[in-house]
Structure formats: structure tokens, C-alpha cells
Amino acid sequence: MQETGVRNGAYGADKFGLKNLKGVKWNLTAPHLYEDALRAGEGVLSGDGSLCVDTGIFTGRSPKDKYTVRDANTENTMWWGGNQSITAEQFENLYQDFLKHAEGMSLFAQDLYGGADPSFQIKTRVFTEMAWHSLFIRTLLRRPETAELASFVPELTIIDLASFRADPARHGCKSENVVAIDFTRKIVLIGGTQYAGEMKKSVFTTLNYYLPDKGVLPMHCSANVGPDGDTAIFFGLSGTGKTTLSADPNRTLIGDDEHGWGKDGVFNFEGGCYAKCIKLSAEAEPEIFAASNRFGAILENCVLDPITRKPDFNDGSKTENTRSAYPLESIPNASPTGRAGQPKNVVMLAADAFGVMPPIAKLSPAQAMYHFLSGYTAKVAGTERGVTEPTPVFSTCFGSPFLPRDPSVYGNMLRELIAKHGVDCWLVNTGWTGGMYGTGHRMPIKVTRALLTAALDGSLRNVEFKTDPYFGFAVPTALPGVPSEILDPVKTWADKAAFDTTARKLVAMFQKNFTQFEAQVDAEVRAAQPEAKLAAE
């Protein structure tokens with residue numbers, strides 16, 4: 001077997017059971033992986049030097065094909081209401097079949113860290129069949145110093161074989177595509193898909209399982225910090241604006257998607273960003289645009305001009321879920337440490353497909369826990385298979401697909417941290433205004449940015465608020481530089497009766513969804529939900 005690259009010679013591929021390989025390329029850097037990917041026909045270069053790839057039939061995650069081993073360790077610790085199980089025997093069959101499938105292959109291996117805080121990071125080794133997958137995970141996780149690689153011993157091992165096809169009868173899955181996690185053995189198997197996001201979300205799911213026991217709240221959020229050291233957290237599902245809104249030229253970016261919150265503050269799980277780039281423009285998102293159009297970036301499923309090889313970010317013909325992966329250092333004001341102090345503000349982003357929520361509202365601590373557990377947003381087109389237009393959904397903790405433990409574990413931790421550190425909480429609608437999806441339009445990003453700036457610099461605390469008659473949270477009545485009518489959603493609708501009907505419908509949806517959590521929260525949180533009389537009238 002031919003091996004190249006820097007590695008721990010005493011802890012190689014054989015420790016994972018891989019044998020009869022043609023070779024392993026260890027910890028290659030971006031130039032090497034570009035060359036390997038291009039030689040293998042995995043992608044092409046854009047006119048600006050990005051590596052452009054297609055992910056095939058899977059242009060998003062496939063949560064229905066994700067499984068966790070149910071054993072003595074996970075039986076009573078997993079949230080089985082939100083996760084699918086397979087037996088240890090089925091996983092072992094899958095594992096052995098992965099090893100067999102890999103025989104004769106030349107694999108790529110990366111040794112990386114999940115987590116910027118050394119006290120809580122997980123050492124992760126990722127084997128991939130495709131060169132661009134190796135570049136992707138190297139870009140998205142945190143890279144050790146070269147000197148650390150010689151003694152690197154992984155705690156978590158991932159093997160991603162895109163050409164593998166699972167056997168539902170033998171492996172306990174539903175299709176040929178599979179993502180299987182064994183928390184006891186700390187192994188993740190990914191097969192049948194070229195969508196690289198499955199790798200990063202498997203690391204996230206693993207950290208979500210282990211960190212609560214260490215006193216750290218894992219979060220599906222972005223984070224940044226102001227010049228005065230004021231940290232802000234942005235919760236939200238894919239496509240709601242986490243990446244866009246945290247990339248603020250006046251604030252230091254901690255990270256765009258996954259963080260932990262513990263006794264010393266906030267830390268990024270990752271070393272890169274994975275931004276949606278449909279309709280990306282230099283005018284609206286200059287930092288992300290520049291980071292996406294340079295050497296080292298990976299563009300997924302973007303359409304290129306056949307002559308200039310420039311990407312057309314407005315073309316969603318392959319998928320609405322076009323993506324750009326780039327290292328954090330491509331953002332000029334990104335934090336090199338990936339760490340910051342205790343948050344001063346928590347922002348919950350909701351892409352309200354009904355168009356009845358205000359662009360910003362202030363939440364009490366009880367309301368914050370209520371909306372965190374509710375996780376209202378819209379599944380935005382193309383983020384997951386089978387979703388072609390925004391659909392209103394409730395995704396608890398703004399990340400239901402990634403929660404291995406009961407949502408109340410994360411909800412209670414959030415409430416305790418908010419109370420302990422006196423954090424201000426805000427709900428921000430990045431979805432629709434002037435009507436529901438199909439008749440209204442997306443909230444202007446300039447309005448959202450202006451409101452967020454006012455919230456984060458403290459000036460929004462000094463304006464007049466009124467109580468929203470449907471949802472009960474506090475809504476500002478005016479803010480300099482923002483049209484006052486957009487602050488009150490009913491004023492943006494031509495048909496006021498239709499607004500009232502739609503708002504009551506959404507209130508009822510909130511109430512129905514929250515019944516699953518009522519037994520796990522106290523009276524104060526139960527009282528924070530939209531008032532029942534509005535839906536009943």
C-alpha cells in the first residue's frame with residue numbers, strides 16, 4: 001500500500017480495519033486536493049479559482065436515511081422520538097461491507113478537530129473516496145498544526161464512500177443511501193451520496209450527543225463579536241440567514257453554523273463556512289461573495305458560464321441549495337481562535353412563510369425558551385430532498401435533525417445560561433412580509449441588518465415597544481432609518497382580514513406543536529405561548 005502525507009505512523013488505516021487498500025493520501029492541503037479532484041474528473045475550475053463540483057442526485061441532506069445504533073449506552077440517552085435506530089448487528093454488517101468495498105481503493109484521510117476549545121474538542125479522522133470530499137471536510141473542520149499530526153489519535157472516525165450502496169434488508173435502512181452513527185464505538189459510516197454536508201453534520205450530531213454531559217450547550221447557530229467584546233448568537237435553520245447575518249464587516253465572525261456555549265463563553269465547532277449561495281451578490285454579501293470566488297473555495301451545484309467559467313449564482317436549475325464552502329480565514333474579520341466570551345444577545349431567526357411575524361421582536365427568558373423549543377421557521381427550497389418550496393415547519397432547537405438527546409436537555413441549558421448571564425433575546429423574521437409566501441416578498445436584508453445593528457449596539461432597548469396582539473412578544477413601534485409600517489406586519493398586507501385569519505392559523509399551529517413539550521416545562525414557559533383565546537375566537 002502506498003501512503004503519502006504527514007501522519008501518525010503508529011495509528012494508521014489498519015487501526016480502523018481498512019486493509020488491502022491501494023493507498024492512502026494523508027492530510028493533503030488544498031493545492032494537492034485540487035489536483036487530485038481535477039485529475040479524477042470530480043470537478044472543474046471556475047474563472048476565479050474555485051473548485052466547482054456537482055453532487056449528483058443528492059443536492060441536500062437526506063435525514064430519512066440517517067440512523068443511530070440502539071444499544072445499552074444509547075437506549076435511555078437518545079431522543080428516539082426524533083431519531084431512527086438500527087441494531088448493533090446491522091451496523092456491524094454495514095461496517096464490514098464498507099471495509100470490503102474500500103479494498104483496492106486509494107483513499108484520502110484527514111485528521112482534524114471538531115471544536116475550537118481544546119477542553120471540549122473531538123479528534124476526528126475522516127476517510128473519503130473522493131478528493132473533493134477530503135478538501136471539503138478539511139475546510140469545514142479545524143486543522144491541527146502539522147507538528148500535531150505525527151501523534152494524532154482519533155476519537156471519532158468517519159468513512160465516506162460515495163460509491164457504496166447499502167442493502168436495506170442486510171443493513172436495516174430504507175434505501176441505498178445511508179448515514180449510520182455508532183456513539184459507543186464512535187464511528188460514522190456515510191455511503192451512497194456525494195453530498196458533502198452529511199460529513200459535517202455527522203460531527204455536529206456527535207458533539208450534540210457528548211457535550212451536554214460536559215456542561216456545554218451545543219447549538220445550531222452562527223456567532224460574532226463586536227468591538228467591545230459583546231458576543232451575539234444567531235439561531236436558525238439552513239437558509240434563514242445565519243451565515244449572511246453573522247458576516248458583518250463591523251463585527252468579528254466566530255463561525256456561521258455550529259457552536260458550543262459553556263463556562264468560558266462561546267466556541268466554534270468548525271474552521272470553515274458552508275454558505276447557501278443562490279442569488280449571492282457582491283452588493284448584498286460582499287464578504288461571502290469574495291470568499292466564494294477564490295482559490296480554496298468549493299462551489300457545489302453552481303452553474304458556470306461555459307466561456308468565462310464564472311458562476312451564475314442566480315441560476316438554481318440544478319438545485320436551490322447551491323453551496324459555497326470556504327475556510328474561515330477567507331473572511332477578513334474572522335476570529336483566528338474561534339472563541340469569544342459570554343453572549344450579550346441571542347437572536348432566533350425564523351423564515352416566516354406566513355408573513356405575519358414582525359421583522360424583530362424582543363423576547364422574555366420564558367418566551368426565548370418557548371421559541372427555542374418550538375423552532376418555527378420554513379424549510380427553504382432545496383436544503384433537504386423533496387422540499388421544492390418553503391414550507392412552514394417547527395424544528396425544535398432550530399435543528400431537530402441533529403439532536404440526539406431530548407430537546408428539553410438543550411432547552412433547559414439555554415434558559416439557565418440566558419438567566420445566568422443576563423442575555424437579551426430577540427426573534428427576527430427573515431421570511432416574508434406584505435403577504436404569505438407566493439404573494440408577499442422576502443424581508444429586505446437591509447431592514448434586517450439595520451434592526452439587528454440596533455439590537456446588538458443597545459439602541460433598540462431605548463425605543464417604544466408594543467405587545468404583539470397575536471404572539472405576545474414586544475415589537476418596536478419605530479426606529480430611525482427603518483420604515484415604520486414594516487415593523488407592524490398587518491400594515492404591510494393589503495387584505496387585513498386575510499392577515500387576521502393567517503395570524504390566527506399560525507397561532508393555532510404553535511399551540512398544537514407545543515403540546516409535546518408542555519409536560520417538560522414550567523408554568524412560566526407554558527404561559528409564554530401565543531394566547532389561546534386568539535385562536536379560539
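Note: Cβ is positioned from N, Cα and C throughout, glycine not excepted.
Here Swiss-Prot flags Arg61, Tyr195, Lys201, Arg323 as substrate binding site, drawing on sequence analysis. Feature annotation from Swiss-Prot assigns Mn(2+) binding site to Lys201, His220, Asp257; the stated evidence is sequence analysis. Marked as ATP binding site by Swiss-Prot: Lys201, His220, Gly236, Leu237, Ser238, Gly239, Thr240, Gly241, Lys242, Thr243, Thr244, Glu285, Arg323, Thr448. Here Swiss-Prot flags 312-339 as region 'Disordered'. Annotation comment: Swiss-Prot describes 312-321 as compositional bias 'Basic and acidic residues'.
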Long-range Cβ neighbours of the region 'Disordered' (312-339) (under 8 Å; 6 or more residues past either end): 50, 54, 59-60, 116-117, 136, 139-140, 142, 196-197, 225, 247, 249, 251-255, 264-268, 270-281, 287-288, 290-292, 294, 296-305, 380-383, 388
Non-site residues, in chain order, whose CB comes within 8 A of the mean position of the CB atoms of Arg61, Tyr195, Lys201, Arg323 at substrate: Gly60, Ala196, Gly197, Glu198, Lys200, Tyr274, Asn321
Nearest of the binding-site residues (Arg61, Tyr195, Arg323) to Lys242 (ATP binding site), judged by Cα-Cα distance: Arg323
Cβ contacts of His220 (Mn(2+) binding site) (under 8 Å, same chain, 6 or more positions away): Phe204, Phe235, Gly236, Leu237, Asp257, Glu258, Cys397, Phe398, Gly399, Phe402
For the Mn(2+) site built from Lys201, His220, Asp257, further residues of that chain with CB within 8 A of the site's CB center: Lys200, Phe204, Ser238, Glu258, Gly399, Phe402
From Arg61, Tyr195, Lys201, Arg323: binding-site residues whose CA lies within 10 A of Thr244 (ATP binding site): none
Among Arg61, Lys201, Arg323, which are recorded as binding-site residues, the nearest neighbour of Thr240 (ATP binding site) by Cα: Arg323
CB contacts for Lys201 (substrate binding site) [other CB atoms within 10 A, all chains]: 26
Most distant Cα pair in Å, residues Lys201, His220, Gly236, Leu237, Ser238, Gly239, Thr240, Gly241, Lys242, Thr243, Thr244, Glu285, Arg323, Thr448 binding ATP: 27
Other C-beta atoms that fall within 10 angstroms of the C-beta of Ser238 (ATP binding site): 27
Other C-beta atoms that fall within 10 angstroms of the C-beta of Tyr195 (substrate binding site): 25
Cα separation, Ser238 (ATP binding site) to Lys201 (substrate binding site) (Å, whole number): 12
Residue pair Arg61 (substrate binding site), Ser238 (ATP binding site) - Cα distance, angstrom, rounded: 11
